[in-house]
Amino acid sequence: MIRAFDALSLPVLRWLDPEDAHRLAIQGLRFLPPVKPRADDPKLAVRAFGLNFPNPIGMAAGFDKSAEVPDALLRLGFGFVEIGSVTPKPQSGNPRPRLFRLERDEAVINRMGFNNDGADVALRRLAARAQHGGIVGVNVGANKDSPDRVGDYVKLIEAFAPVASYFTINVSSPNTPGLRNLQEGALLDDLLARVIDARERVRQKAGDTPVLLKIAPDLSLAQLDDVVQVARSRRVDGMIVSNTTIARPSTLREEMRAKEQGGLSGRPLFRLSTRMVAETYVRVEGAFPLVGVGGVDSGGAALTKIRAGASLIQLYSSLVYKGLGLVEEIKRDLTSTLLRTGRDSLSDIVGADAATLTAEDWPGM
C-alpha cells in the first residue's frame, strides 16, 4: 500500500515547490487512516536512554516541526518520531525560498530558521495525543530574537517534560545566527547545567525525561573532544550525530543549487556524518548511546551507521527521493542481516567498525 502511494505521490510532490510539497505531505498524513502498524521483528528492538524502541528507525526533527502528525508517522512504521525544532514563541523563520532540492545529488539544502507554531500550540497537540503511546521526542531551540537563548531551552524543558519521551537540545542548526556558538566549552557547559537542573525540577511530576545533545558535523576533532567531555560531565543521556553541514562536497553535481546558503543534508552528508558518529562513539566510551543521522537512504547505509556506533538512526531527506516505503525496506534489510549473521539483536554490532573508521583518512568534502 505504501509503495503504491509512493509511486503515485512522489512524482507530484517533486514537481511542486519543495516547501509546498512538504506542507502537502503533512496535510496528507493528517488524514491517514488509523491503521495499526505491522509488528516489528523483536530482533529490531532497541533499549536506549531508558526507553524501549520497537525498531531503530526514527523520523528526524524538521519534518513535523509543530507536532501535527507524530501518530501518523508512528503508524507508518517509524520506531520513534522527533518533532521540532520548537521555540518558546512562534516564528516564521527565514524568507522564502529557503528549501532546495539537489535532485542529481539526492540532497537538500535548507535555511528554514526554526519556523514553527510555538510552544503553546505544540504542547497542546502533544498533550492531546498522550494516551496514544509511542516514543515522541521534542527537539527544542531558541527564538532568533531571544535575549536569553539558554533561558528559552530551560522554559521548553519545564513546559514539555510531562509530554516528551525525550528532549533533543539543538545547538547545531546553521540557520539561526550564533546558535552554533552554544556548542563551545563554557557556553555549552552552562547550557547543559541549566537544562539538566530544569529537568530535575520537574522530575517529580514528569519523570526522568532523557536529554540528548545534537551536534554539527562541522566540528573539528578538538572541538568534539570538548563537546563530549562537557556532555559526559553534565551526564546527558545521549547525543545525536549529526545536524546538517555548511560544507559543500566537491562532488556535488547540482553546482548552482549548491551555492545556496544553508545546511546540506541527504546522501552527500553520509560519509562525514558517519565518520563523526564513529569519532563520537570512541570518545563517549559507552557512557551513553548515540543516534546517527545523515544520508541514511538504504538498509546498507543504516547498517553502516550502526556499525559506526549508532544505537538508533534517523532519516528525513532520503524520504524526499525514496518515499515512505523506505522505512519498511530498511527494517527488512536489517532483519535479514541479523538472521544471516546469526545475531540476536542490533546491539551486538553497534560500534563494530568505529575503530577502523577513525583510523581512515578524513572523508573529503
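Even glycines carry a Cβ here, placed using N, Cα and C.
Pulled from Swiss-Prot, these are the features on record:
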- ALA61, GLY62, PHE63, ASP64, LYS65, SER85, ASN139, ASN170, LYS214, SER242, GLY266, GLY295, TYR316, SER317: FMN binding site (BINDING)
- LYS65, ASN110, ARG111, MET112, GLY113, PHE114, ASN170, ASN175, ASN243, THR244: substrate binding site (BINDING)
- SER173: active site, nucleophile (ACT_SITE)
Largest CA-to-CA spread of substrate binders LYS65, ASN110, ARG111, MET112, GLY113, PHE114, ASN170, ASN175, ASN243, THR244, angstrom: 16
Where ALA61 (FMN binding site) falls in three-state DSSP terms: coil
Entry from the binding-site residues list LYS65, ARG111, LYS214 having the most other CB atoms no farther than 10 A: LYS214
Pairwise Cα distance maximum in Å, FMN-binding residues per record: ALA61, GLY62, PHE63, ASP64, LYS65, SER85, ASN139, ASN170, LYS214, SER242, GLY266, GLY295, TYR316, SER317: 20
CB-centroid shell, 8 A cutoff, substrate site LYS65, ASN110, ARG111, MET112, GLY113, PHE114, ASN170, ASN175, ASN243, THR244, site residues removed: GLY62, SER85, GLY93, SER173, PRO174, THR176, GLY262, GLY263
Which same-chain residues, if any, lie at least 6 apart from ASN170 (substrate binding site) yet have Cβ under 8 Å of it: ALA61, GLY84, SER85, ASN139, VAL140, GLY141, LEU179, LYS214, ASN243
Entry from the binding-site residues list GLY113, GLY266 having the most other CB atoms no farther than 10 A: GLY266
GLY113 (substrate binding site) and SER173 (active site, nucleophile), Cα-Cα, nearest whole angstrom: 8
Rounded distance in angstrom between the Cα atoms of PHE63 (FMN binding site) and ARG111 (substrate binding site): 14
Candidates LYS65, GLY266, TYR316 (binding-site residues) - the one closest to GLY113 (substrate binding site) by CA: LYS65
For ASN139 (FMN binding site): DSSP state (helix, strand, coil): strand
Distance [Cα-Cα, Å, rounded] between LYS65 (FMN binding site) and ARG111 (substrate binding site): 14
Neighbour count (Cβ, 10 Å) for PHE63 (FMN binding site): 22
DSSP-derived structure type at LYS214 (FMN binding site), helix or strand or else coil: strand
